[in-house]
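Have a look at the structure below, then the notes.
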């Protein structure tokens, strides 16, 4: 009998604790879904997107919906899973969509020999803004559309460069 009274005393506390844990779990799920499937902040750095993005790094907001609905266009800056190293994410500009014919300099450091390609169905052509320091479609060819992870919306850091990435 005494044991039953003791159990009833803790029932309310346990219920309240469970409700609080449930709220926290739902909130963490919401954060995960938002970050993975809707919008996220991403730190990007390196020379390949100079002068658009800083060498020392920028924080950008990237949305993860456009590519799911086929709304990636020419000139968009996209986050792409690297075709050569799937553990890395690269940030490049879309310069060609499926069916487009592109000509590019095979090696801008050596000469001006030009190469032409047609972007196959289901692929995009991506390049960094800094032709001399970018590993991109000129090196590994057209990228499958399903490797696109998001589209850059705006730079949020450093504050003096806050704004659109067009």
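Numbering starts at 1 and runs along the chain as displayed.
Placement of Cβ uses the backbone N, Cα and C atoms for every residue, glycine included.
Marked as domain 'Peptidase S26' by TrEMBL: 21-110, 117-157. Per TrEMBL, active site is recorded for 48, 92.
For residue 48 (active site), the Cβ neighbour count at a 10 Å cut-off comes to 23, with all displayed protein chains included. Annotated pair residue 48 (active site) and residue 92 (active site), C-alpha to C-alpha distance, rounded: 8 Å.
Per DSSP, the domain 'Peptidase S26' (21-110) is made up of 22 helix, 30 strand, 38 coil. Non-local contacts of residue 92 (active site) by the CB criterion (under 8 A, 6+ apart in sequence, same chain) comprise 48, 49, 77, 78, 80, 126, 127, 128, 134, 136, 137.
Per-class residue totals from DSSP over the domain 'Peptidase S26' (117-157), listed helix then strand then coil: 10 helix, 19 strand, 12 coil.
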